[in-house]
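Going by TrEMBL, these are the annotated features:
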DOMAIN    A:68-258  domain 'ABC transmembrane type-1'
TRANSMEM  A:12-36  transmembrane segment
TRANSMEM  A:74-94  transmembrane segment
TRANSMEM  A:106-128  transmembrane segment
TRANSMEM  A:134-155  transmembrane segment
TRANSMEM  A:184-205  transmembrane segment
TRANSMEM  A:235-258  transmembrane segment
Amino acid sequence: MAAFFRWLRRNLVVIAGLFTLGYLLLPNVVVTVFSFNKPKGRFNYSWQEFSLDAWKDPCGVADMCGSLSLSLQIAAWATIGATVLGTMIAFALVRYRFRARGAINSLIFLPMAMPEVVMAASLLTLFLNMGAQLGFWTVLIAHIMFCLSFVVTAVKARVMSMDPRLEQAAQDLYAGPVQTFLRVTLPIAAPGIAAGALLAFALSFDDFIITNFNAGSTVTFPMFVWGSAQRGTPVQINVIGTAMFLVAVLLVLAGMLVGRRRNKQAK
Amino acid sequence: MTTVTDAPPPKAPAGEDAPARGPRKRGRLVPYWLLLPGILWLLVFFALPLVYQASTSVQTGSLEEGFKVTWHFATYWEALTDYWPQFLRSVLYAGAATVLCLLLGYPLAYLIAFRAGRWRNVILVLVIAPFFTSFLIRTLAWKTILADGGPVVDALNSLHVLDVTSWLGVTAGDRVLATPLAVICGLTYNFLPFMILPLYTSLERIDGRLHEAAGDLYAKPSTTFRKVTFPLSMPGVVSGTLLTFIPAAGDYVNADLLGSTDTRMVGNVIQTQFLRILDYPTAAALSFILMAAILFMVTFYIRKSGTEDLV
């Protein structure tokens, strides 16, 4: 008994940590299990019986797949926009000295330190005052705005840890500025840019609050889920949620495997 | 529209330390060209809207006749007297969720940093993976988990946990859904990864030899934690608490999906005022107060905790 308590004390942090991990993953388990449910009535909150109906017909709900493809489109464009603008800012911040540096740093930091609802509401007042038509473009503008800071942070970290002597070496070997940038700087900064782009995509795709304020009658996937929480949740929502989770985990695992193989080759 | 074509390609800094004179004058403008499009975007779509919001908050009028700036500052006072319970709730719920996130997140971050061994990357992936399912779908799953008479609620009931929480006033009777506890639980769940990741980053940087040294100096494991590990992880604690508290205080999704009309937070009020009641001045004033309160708290907190190099 004493040995058990000693073991418990030594591993208490592991048990507590695994409990937290369970807390984090439990909703995903529920989402997956309930994608095989056959609910009575409009809401998919209590277990009835096993069924593959939703998986056989994932787009069987009116407007859901349309909203999904709209979300993917917006996320793709927002990722491109925020990554290009953010990477340029990150390079300028790390590589050059210029005036108003502090002000620019706070302008980039503030959107990340602001509650989303404040940004959403203030942007809506701007669009209302300008008489802008709410829809695809206003959502895209908003998404690029809040993804930008995250891209800057991700790229900045990578560029800062870069050895400037590599570029000097390239220039010593008679590479022009453009050639140095394309063949030395960009490849080294690529993992940071990729991380920023991935983050931007995830943030934009899953954004609800800012979209809710600035979308007008345009329905993105999170907006569709929000609406269905009021009207009735189709099982297909869970199918999409489960599929997204699986695809993401598989992609990450594949990336880890490739990285490990590359490391082995490098050694 | 989204891809910028008018800016020159970023130039490699050819000997940027050399004094820029004559032909290098063109190169000196490079940083400004690089900054211009992105900063302009932030100025027009982040900073300018805040100005518009401030001006909207002092307007009066109606939807039909239009709103005019009349410097009607009483809106602020009315918003505060009408909605102080929602403000208070936001701070309390977000504060409770932040504390719970810290209590739940610290062991897991510690586990990943020091005890996971070759499982480290797998657990890290499992912490991030839920992000890839829409958070609204995952929040709806809590409706199932906390359902009346479900296994979780039954277990809490038979362990008399619900008696304690009822006494604290965060649950009512034998149900969890539609109570403050459900909202706090949802907020904790939604922002937990934002606590775990910064904690993990700062714990991982700690030199393992410091633990050995503490042990060699006859420190008990608990003393080592109190005197070495925890103080060194403070940057992670500070940025983790900020990253949970700020979004939680402005959230309205959890209060709407898991709560009831008695758990409405300030985010819910801003949302309904803006999108359903269309009382723009009140909504703008509320949003402005929320922003000011949070910026004030954050600055105070960062000063207090002495870590100013978070950015």
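Counting starts with 1 at the first residue shown.
Keep in mind that glycine also has a Cβ here, set from the backbone N, Cα and C atoms.
A quick note: this is a predicted structure, and the numbers were derived from the prediction, not measured.
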- Query: Looking at the stretches A:12-36, A:74-94, A:134-155, A:184-205, A:235-258, which one shares the most CB pairs under 8 Å with the transmembrane segment (A:106-128)?
  - Reply: A:134-155
- Query: So which of A:12-36, A:134-155, A:184-205, A:235-258 has the most C-beta pairs under 8 Å when paired with the transmembrane segment (A:74-94)?
  - Reply: A:134-155
- Message: Assess whether the transmembrane segment (A:12-36) lies in contact with the transmembrane segment (A:184-205), where contact requires at least three Cβ pairs under 8 Å among residues 6 or more apart in sequence.
- Response: no
- Short question: which residues 6 or more past the ends of the transmembrane segment (A:235-258) have a Cβ under 8 Å from it? 28, 31-32, 34-35, 37-39, 44, 53-55, 57-61, 64, 68, 221, 225, 228
